[in-house]
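Novice: Got a structure for you, written out below as structure tokens; questions coming shortly.
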């Protein structure tokens with residue numbers, strides 16, 4: 001399986017219609033990591049994909065199939081919708097007997113993940129963690145473990161760090177969190193359903209403070225995080241770096257330094273890398289407002305239209321959910337309201353009519369056999385948002401290729417839509433919580 005590896009892709013404009021002309025041999029997977037230099041900014045971390053030669057994980061692991069991606073994506077979207085369909089407590093529970101009443105707070109991580117490296121403790125130790133805009137939780141696995149999964153980094157030992165401290169029940173970090181309970185005098189981190197809401201698992205540990213190191217110049221003492229001692233299996237990661245809008249996220253805890261501003265660029269393929277940077281927002285790019293309701297902890301925006309080859313499809317505004325559309329780093333494939341997806345699919349099929357179709361699969365219904373072509377002409381797709389911001393989907397995010405079959409990398413959804421990480425590739429997605437806006441800057445990484 002490969003999410004388009006375009007190292008020798010050629011893109012042209014054709015008759016003022018913004019087609020992509022792509023060399024078919026560029027769809028072949030690369031076994032080599034193409035290291036790229038990120039922006040020359042302070043406070044920048046390197047992003048790598050879970051699968052591929054740039055990954056810190058063993059290359060022997062099998063990438064997920066479309067069916068697995070679909071199952072995880074739909075579970076994640078269902079979780080986000082379900083979470084916001086019910087009231088949720090904003091303070092910690094009074095006793096462990098109330099643990100069963102705590103709703104799930106962490107979405108399924110998704111299966112097509114991007115990771116960064118951060119440091120915890122004194123002396124500092126580095127850990128490979130998933131970064132996730134759909135969660136406001138920050139946690140790592142800690143000793144002593146009763147059922148911790150295997151990870152590539154050593155499991156964090158709080159007793160070996162001079163800066164570690166448990167958080168007391170009456171502390172603000174405990175009372176403001178929606179996933180804590182009190183046990184004796186300590187604040188316990190408790191997450192019903194944990195990282196996989198489909199399996200009914202639970203995770204727990206201490207809510208604690210520790211020194212967090214992002215870069216040598218960006219060190220944050222007394223950073224609140226979950227020191228988890230009882231965890232389900234999520235695939236070798238040390239933990240989670242939540243970049244959501246709620247109290248407790250990395251963005252909120254570092255707002256005095258970075259002003260609630262961060263951005264990332266996801267690489268075009270798993271054979272290259274991207275970046276995650278904090279602060280230094282460039283306000284020269286047209287932005288779209290962040291919506292506060294009803295999903296005030298997610299990055300919710302107003303999707304207003306779609307163009308294919310520069311032609312607006314004229315989708316009625318009523319098709320797009322009044323709840324908005326979530327921009328999410330942890331979902332793989334963009335899921336659109338049925339009416340919007342139908343219009344996109346029809347226009348894309350018209351633009352690909354010269355190529356032989358192929359049977360679809362459990363995730364995609366618009367697929368092509370391109371094996372007999374040297375180059376192919378692929379329609380461009382542009383998503384339009386309130387405020388005039390546009391996301392022109394890179395060619396690496398338009399098609400999903402597996403076993404010689406290339407499919408339109410979008411799907412239909414019910415309810416709220418979601419912009420997945422495939423369609424965000426090579427675009428710097430910039431978040432500014434202070435100004436309540438989100439912007440897209442094309443061509444920021446390869």
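Heads up, the Cβ atoms here are built off N, Cα and C, so glycines get one too.
Feature list, courtesy of TrEMBL:
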- 1-16: signal peptide (SIGNAL)
- 33-47: compositional bias 'Polar residues' (COMPBIAS)
- 33-67: region 'Disordered' (REGION)
- 82-106: region 'Disordered' (REGION)
- 114-441: domain 'Peptidase A1' (DOMAIN)
- 132: active site (ACT_SITE)
- 328: active site (ACT_SITE)
Novice: Measuring Cα to Cα, tell me the gap between residue 132 (active site) and residue 328 (active site) in whole angstrom.
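Specialist: It is 8 Å, counting Cα to Cα.
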Novice: Provide the three-state DSSP residue tally for the region 'Disordered' (33-67): helix first, then strand, then coil.
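Specialist: Breakdown, helix to coil: 2 helix, 7 strand, 26 coil.
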Novice: So which residues does the compositional bias 'Polar residues' (33-47) touch in its own chain, when a touch means Cβ under 8 Å and the partner is 6 or more beyond its ends?
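Specialist: That would be 7, 53-54, 114-118, 131, 214-215, 217-218, 258, 264-267, 271-280, 444-446.
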Novice: At a 10 Å cut-off from the C-beta of residue 328 (active site), count the other C-beta atoms across all protein chains.
Specialist: 26
Novice: Return the average pLDDT for the domain 'Peptidase A1' (114-441) as a whole number.
Specialist: 90
Novice: Within 10 Å of the Cβ of residue 132 (active site), how many other Cβ atoms can you find? Include all protein chains, please.
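Specialist: Residue 132 (active site) is surrounded by 27 other Cβ atoms within 10 Å.
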